[in-house]
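Visitor: The following block contains the structure, expressed as structure tokens.
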Amino acid sequence: MLRVRCLRGGSRGAEALHYIGSRLGRTVTGWVQRTFQSTQAATASSGNSCAADDKATDPLPKDCPVSSYNEWDPLEEVIVGRAENACVPPFTVEVKANTYEKYWPFYQKYGGHYFPKDHLKKAVAEIEEMCNILKMEGVTVRRPDPIDWSVKYKTPDFESTGLYGAMPRDILIVVGNEIIEAPMAWRARFFEYRAYRSIIKDYFRRGAKWTTAPKPTMADELYDQDYPIYSVEDRHKLAAQGKFVTTEFEPCFDAADFIRAGRDIFAQRSQVTNYMGIEWMRKHLAPDYRVHIISFKDPNPMHIDATFNIIGPGLVLSNPDRPCHQIDLFKKAGWTIVTPPIPVIPDDHPLWMSSKWLSMNVLMLDEKRVMVDANEVPIQKMFEKLGISTIKISIRNANSLGGGFHCWTCDVRRRGTLQSYFD
């Protein structure tokens, strides 16, 4: 049975960390192993500190606009992205490593230019409808500023055009009353934070914490310029060996490679998130939160929420095509593992930046309500069997830009408290 403990002082949950960390430590070496060891040591030492306990249990300001600890508490405020002016990223090595071969000619032809006009128009309409429905469900909706992403920019290390302000989940993560800007890893996303600054400054003035992770230079050394990509089999072998297009030259991560479950936050090493980036998050959030690395049989890992999506206390959707190597740890902790059905999105529908498994990239409005694609009947039935009501919207054209409901949003405020689901 899943055990849930509200954090009101006392134990810091070192036992739970030992349970997860010790087992994960057996499957990893080098940097990853040292990360878990240092996390365990930091947590254990904090258990003897009254000051640390006080810090962890300080109440948030009652009027703080930012407060979210997990993926399922009742949603009160959310940022929803924009498809307007979205541009195809230049076909650089990091973009090639994250996209399917059949779309490479598309990137080579249109890189630096807007996505197809008619497609963007449909995507914009879909997201507007999504915003309207969220408002009807009682959720406050914020939108990023519109920006012309076709403008070329240059740093001392590279030049590029932009991408979009469509996926706030990729760049922002809320932990408690703190909103963290991720540094990103694609050169086309270097200045993506600009679309969200007016919103974040407003939250900051109203009492939220605001942190920007160290911005990488994105110099050539951050990328394996000779990353060998010839087939899915090659990618499987490379991922199994812990080899990705991003190196450990400097910290980089996308916020969407982290998923929250109260005190415990799970992260994956991916094509856009390196161990240095995960280590930065671990150090930044310790001792109040515990960051754990998990991995999957995934030839092209990029963002965790279409592979492993936590939808309730002790309840997770686990992609059958990308099984989690550490899934037994969750089972032993009393979690329920749900395997979502195969997506029904047609083969000829363009998915320039993602896979069909966006069907499981859902947004929980609370434990009993989920926003799901209107076309994905099999997963709707799955949720209904779980006793979860479905709010159906079609965002197929918006999917083409690389995200489902979870990707298109960043939940800023959920009504709930910090709890531990592994103690």
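Glycine is no exception: its Cβ is also placed from the backbone N, Cα and C atoms.
Worth saying up front: this structure is predicted, and the values here are computed from it rather than measured.
Per Swiss-Prot, the feature transit peptide maps to 1-43; the stated evidence is experimental evidence. Per Swiss-Prot, the feature phosphoserine maps to Ser46, Ser49; the stated evidence is similarity to another entry. Residues or ranges marked as arginine binding site by Swiss-Prot: Asp170, Asp305, Arg322, Ser354, Ser355. Taken from Swiss-Prot, the feature active site covers Asp254, His303. Annotated N6-acetyllysine per Swiss-Prot: Lys385, in sequence order, evidence recorded as similarity to another entry. The active site, amidino-cysteine intermediate annotation in Swiss-Prot covers Cys407.
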Visitor: Among Asp170, Asp305, Arg322, Ser354, Ser355, recorded arginine binders, what is the largest CA to CA distance in Å?
Guide: 20
Visitor: Give me the non-local Cβ neighbours of the residue listed as 'N6-acetyllysine': same chain, 6+ apart in sequence, Cβ-Cβ under 8 Å, ordered along the sequence.
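Guide: Same-chain residues close to the residue listed as 'N6-acetyllysine' (Cβ under 8 Å, separated by 6 or more): none.
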Visitor: What does the structure give for the C-alpha distance between Asp170 (arginine binding site) and Asp254 (active site)? Integer Å is fine.
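Guide: Distance between the two Cα atoms comes out at 5 Å.
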Visitor: For the residue listed as 'active site, amidino-cysteine intermediate', just give me the three-state DSSP call.
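Guide: The three-state answer is coil.
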Visitor: Mind giving me a neighbour count for Asp305 (arginine binding site)? Other Cβ atoms within 10 Å of its Cβ, every protein chain shown.
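Guide: For Asp305 (arginine binding site), the 10 Å Cβ neighbour count is 25.
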Visitor: Taking only the Cα atoms, work out how far Ser355 (arginine binding site) lies from Cys407 (active site, amidino-cysteine intermediate), in Å, as a whole number.
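Guide: A Cα-Cα distance of 13 Å.
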Visitor: Restricting to the recorded positions Asp254, His303, Asp305, Arg322, Ser354, which ones have a CA within 10 Å of the CA of Cys407 (active site, amidino-cysteine intermediate)?
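Guide: Of everything listed, what lies within 10 Å of Cys407 (active site, amidino-cysteine intermediate) (Cα to Cα) is His303, Asp305.
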Visitor: Determine, to the nearest whole angstrom, how far the Cα atom of Arg322 (arginine binding site) is from the Cα atom of Asp254 (active site).
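Guide: The Cα atom of Arg322 (arginine binding site) is 19 Å away from the Cα atom of Asp254 (active site).
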Visitor: For Asp254 (active site), which of these recorded positions sit within 10 Å, Cα to Cα: His303, Asp305, Ser354?
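Guide: Among His303, Asp305, Ser354, the ones whose Cα sits within 10 Å of that of Asp254 (active site) are His303.
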Visitor: What whole-number Å value do you get for the CA-CA distance of His303 (active site) and Ser354 (arginine binding site)?
Guide: 10
Visitor: Might you list, by sequence position, any residue in that chain lying six or more from Ser354 (arginine binding site) with a Cβ less than 8 Å away from its Cβ?
Guide: Ala306, Asn399, Gly402, Gly403
